[in-house]
Amino acid sequence: MAVDTMESVAVVAVPFPAQGHLNQLLHLSLLLASRGLSVHYAAPPPHVRQARARVHGWDPRALGSIRFHDLDVPPYDSPAPDLAAPSPFPNHLMPMFEAFAAAARAPLAALLQRLSTSYRRVAVVFDRLNPFAATEAARLANADAFGLQCVAISYNVGWLDPGHRLLSDYGLQFLPPDACMSREFVDLVFRMEEEEQGAPVAGLVMNTCRALEGEFLDVVAAQPPFQGQRFFAVGPLNPLLLDADAPTTPPGQARHECLEWLDRQPPESVLYVSFGTTSCLHADQVAELAAALKGSKQRFVWVLRDADRADIYAESGESRHAMFLSEFTRETEGTGLVITGWAPQLEILAHGATAAFMSHCGWNSTIESLSHGKPVLAWPMHSDQPWDSELLCKYFKAGLLVRPWEKHAEIVPAQAIQKVIEEAMLSDSGMAVRQRAKELGEAVRASVADGGNSRKDLDDFIGYITR
């Protein structure tokens, strides 16, 4: 493709301001920039900083290929997560979500207007939770809007037709949004969708691949809301790392201590435990999980941290688990490692010593784990995570259920957790699940290689926006 054709097109990425959304669009932005496109990434200032600081799997110098823009929004409260809240949904983020929904449109419109005068074409790739971006793109004669699907495409099948044959054939249960999200968040999403209804969208970009969700892709493409749209299944967006036994950190940067620790462990001997950036465990549950890890006698890396605040740079103070950790780390020295800060998840999952992943089942974590051939011990917390847990355990057959969603308000006892850990790490049935995850990982890797379906869809997307 001619260089002048690429340079005459601007891509504007507009993420929703939460970690699991920020990083997907930044991964896509880096992919597109690596192909020679001019890419602009627009978010509130703390979230631009957050996305840049937390991206991993790329050479840090790659960030220089992206132009970052601040979408200024009014001040908002950034409280700590409410550990006493009746719902596990991170409702403490709602002040920020509301401020963003109300105020991000104007600075985005100004940015798009400015870019539209400098480029032949502007392609706006927006998180589907930001439908106002499509409306603003439609005001410009030389702009197209493309929604980014940040959750599994199969989630749309459950949303549109919970009784669909694919769900019943595999025994998949779809929970309505208000069962696993707060009423305030559901109301915000529906309100934004209603306000922007009718905004033209040229297509849908998806962080998935046919190797994982091919059947569901075909079903969704035939549904009335999506008929006539172009579908680009370009996932996984996360980089696919090689076995990280050898250091991959660029010269001059320190390698995370957990990777050095993993280097000293036998192959496929370590359980990685992390529940993402929007979930907290109650102190009683932390104690039960700790007892299970200790009792299983399995090696582990455990990321023990609370959910992000709206502004992660407003966080301060030591971990609330500090007293517990001083004793637990002493008791498990040599067997496990606890991380209370940010962890390099992709590198951990790619490491040859890592055997499995105990996870909240966010779509990022799900696809990152499968793309590196690692099974998931499923512990869904909120939002689309119960659905991802269903997919992992029943459809992909690459997961083991730790806690069913209907028991999300209960403390899971150590004995039950330990049983699943031992099944995953020691049993024949666990070995079968691990083998299935490896097979899926190989299929996912093939999809992004030359000639793979995801590579073709990425090429088609670039070809369309630079036409």
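Just so you know, glycine gets a Cβ as well, placed from its N, Cα and C.
Residues or ranges marked as active site, proton acceptor by Swiss-Prot: His21. Over all protein chains present, the Cβ of His21 (active site, proton acceptor) has 22 other Cβ atoms lying within 10 Å. According to its DSSP assignment, His21 (active site, proton acceptor) is helical.
The Cβ of Asp127 (active site, charge relay) lies under 8 Å from the Cβ of Val14, Pro15, Phe16, His21, Gln24, Leu25, Gly147, Leu148, Cys150, each on the same chain and at least six residues away in sequence. The feature active site, charge relay is assigned by Swiss-Prot to Asp127, with similarity to another entry given as support.
Annotated anthocyanidin binding site per Swiss-Prot: His21, Asn91, in sequence order. A C-beta separation below 8 Å, combined with a sequence spacing of at least six in one chain, links Asn91 (anthocyanidin binding site) to Asp82, Ala85, Ser182, Glu184, Phe185. Under DSSP, Asn91 (anthocyanidin binding site) is assigned to a helix (H, G or I) in the three-state scheme.
The UDP-alpha-D-glucose binding site annotation in Swiss-Prot covers Ala343, Gln345, His360, Trp363, Asn364, Ser365, Glu368, Asp384, Gln385 and rests on similarity to another entry. Counting every protein chain shown, the number of other Cβ atoms lying within 10 Å of the Cβ of Gln385 (UDP-alpha-D-glucose binding site) is 29.
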Cβ atoms near His360 (UDP-alpha-D-glucose binding site) (within 10 Å, other residues, all chains): 23
Assigned element (helix, strand, coil) containing Ala343 (UDP-alpha-D-glucose binding site), judged by DSSP: coil
Sparsest Cβ surroundings (other CB atoms within 10 Å) among the binding-site residues Ala343, Asn364, Glu368: Ala343
Largest separation between Cα atoms (Å) of residues that the record links to UDP-alpha-D-glucose, namely Ala343, Gln345, His360, Trp363, Asn364, Ser365, Glu368, Asp384, Gln385: 23
DSSP-derived structure type at Glu368 (UDP-alpha-D-glucose binding site), helix or strand or else coil: helix
